């Protein structure tokens with residue numbers, strides 16, 4: 001049973017496809033030419049119609065053209081939107097993902113406004129009325145001392161409720 005005693009039964013296939021480049025996919029009978037093109041396109045073997053570079057904005061379906069003034073206005077609007085978003089991002093105005101129950105301190109935002117409102121009120125009112133309003137705004141020292149111990153007298157349930165309400169905000 002040596003290999004030289006037996007005759008060869010099969011033939012070898014060529015290692016590469018035809019020199020013309022046709023493969024079995026291109027010779028497949030799929031019916032109409034449209035179906036064949038679709039099949040070849042889906043298999044990645046078909047050529048696309050537009051092989052050249054397509055220039056953006058240079059298309060036959062573009063029926064209207066912008067005037068120079070409209071183009072400048074559009075560019076100015078886009079630049080304005082970009083500056084607004086950049087300022088917002090850098091200032092941290094839209095802070096999200098800061099954590100559960102996080103809220104920015106209101107005092108920081110209100111303190112400049114309060115100072116401005118006090119100065120505007122003082123310029124409008126006579127000096128006699130300013131001193132009276134300042135006296136009314138300043139509570140006596142004994143009142144502040146009485147208010148401080150009050151939070152310690154709350155029960156544990158009240159503390160739990162206020163703690164829970166700090167995390168739950170109505171929208």
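The backbone N, Cα and C atoms fix where each Cβ goes, and this holds for glycine too.
Keep in mind that this is a model prediction, so the values were computed, not measured.
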Listed as phosphothreonine by Swiss-Prot, one of 11, 20, 32, 144: 20
Swiss-Prot annotation, phosphothreonine - which of 23, 51, 133: 23
Site from 16, 111 that Swiss-Prot describes as phosphoserine, others unannotated there: 16
